[in-house]
Amino acid sequence: MRTFAPWILSLLGASAVASAADATAEAPSDVVSLTGDTFETFVKEHDLVLAEFFAPWCGHCKALAPKYEQAATELKEKNIPLVKVDCTEEEALCRDQGVEGYPTLKIFRGLDAVKPYQGARQTEAIVSYMVKQSLPAVSPVTPENLEEIKTMDKIVVIGYIASDDQTANDIFTTFAESQRDNYLFAATSDASIAKAEGVKQPSIVLYKDFDEKKATYDGEIEQDALLSWVKTASTPLVGELGPETYSGYITAGIPLAYIFAETKEEREQFTEEFKFIAEKHKGSINIVTIDAKLYGAHAGNLNLDPSKFPAFAIQDPEKNAKYPYDQSKEVKAKDIGKFIQDVLDDKVEPSIKSEAIPETQEGPVTVVVAHSYKDLVLDNEKDVLLEFYAPWCGHCKALAPKYEELASLYKDIPEVTIAKIDATANDVPDSITGFPTIKLFAAGAKDSPVEYEGSRTVEDLANFVKENGKHKVDALEVDPKKEQESGDATETRAASDETETPAATSDDKSEHDEL
């Protein structure tokens, strides 16, 4: 199961929050402020719009503000407007747009073609992403615009395919459409341009502003092969990890090796020293440097001591495995090279972070830790409802008394376990995208847990267990009093939920503390 810890993104962006928190809103702005009265008209009048739905008190919104502003200025000359909507003032508009957290960024091509912005929240990333959105999936290349197109983005993929090769053209176009959010694509059928670039038709060339500057693919034009090649060719031999690059690395499908260093000089030195190792293992593992002064806390998530640098660790998101390198040893390329090879050869046991297994279970909710996860969650014939929580999570704290009440319903029902695990203190083999996350591991189907997305009330959670569990236990029927009380809970739910989100929906089903 592929999984990673998305809350790391908050660590990678945390340093920006404080510096941006006091940014003034009085200066002239290229970001257009819209209201319920102006939003629809503005969107209809523009072919492409990026909209931010925010709240003034939101820390992540404050951190984004200067980057969003700068991106708006850079995109203004390209006629790509960036707008913002204050959801504390425009609740109805935000509710209509399905806003469930802050900030929410959405791309509009008119009112009926809306999709979420899925790039990084950095100026360069926003500009790059929106420029790609403004272009066709595949831009035409001519002798006159070739050099311009090659440098339009950090990564540009150009297909040199003859016009009569319909199969290759169709596959390349389909591939470009599927990846247009990630890369800028162009193509030409002009054989003279291909010859000038030193390639034969059909070939795909990836131009980049780092390493060897370009890479050529002359294999079979096939979707999966192209995707694998583009991902590998577009990744620096030794990159720099930050908020704008984290997601790409962690979803690449191969292990990620981290080199933590506190100074720019150290990171540059490690980059040069590790290039030959990165070249040797290209396509099998990615290697990055990371600023330990800004993001050193992430070392703790890799089971390293976050106070001792330089440091090295490998993370395999596909297996949710972590391999910290012995911090008593110096980080030397030769030794690390052997360590990497041993990890790839499965000769190194992964490190598992776990709290101590409780000597006794106190209270109705079963406490799970990494070392008891297999026994309590997976290796049994029970329906197990498991909450993944974080101690600092406000929504988790609000859920706690209701979750305990839920667990009390099942205290005499051996077929069902209501459990929780601190996902910040234990390595968990599941994909967690927010806190709290609640999953039901049904007996006989432990490898395909069902995530709960409903309202967090006792009766709704109990019904979820009944409907999705193997044993179909109806705890409310066992406790008729609870069933009688469910009507009162339903009546009060809407009122309490209005304080949870900007869009006052009927429940709090999508509420997570932002990660």
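Residue numbers in this text run from 1 along the chain shown.
Cβ coordinates are placed from backbone N, Cα and C, and glycine is handled just like the others.
Checking the candidates C61, C87 against Swiss-Prot, the cysteine paired with C58 through a disulfide bond is C61. Disulfide pairing as given by Swiss-Prot: among C94, C396, C393 connects to C396.
The highest number of surrounding Cβ atoms within 10 Å, among the recorded sites G59, G394, is found at G59. Cα to Cα, C393 (active site, nucleophile) and G59 (site 'Contributes to redox potential value') are separated by 15 Å. Rounded to a whole number, the distance between the Cα atoms of H60 (site 'Contributes to redox potential value') and H395 (site 'Contributes to redox potential value') is 17 Å.
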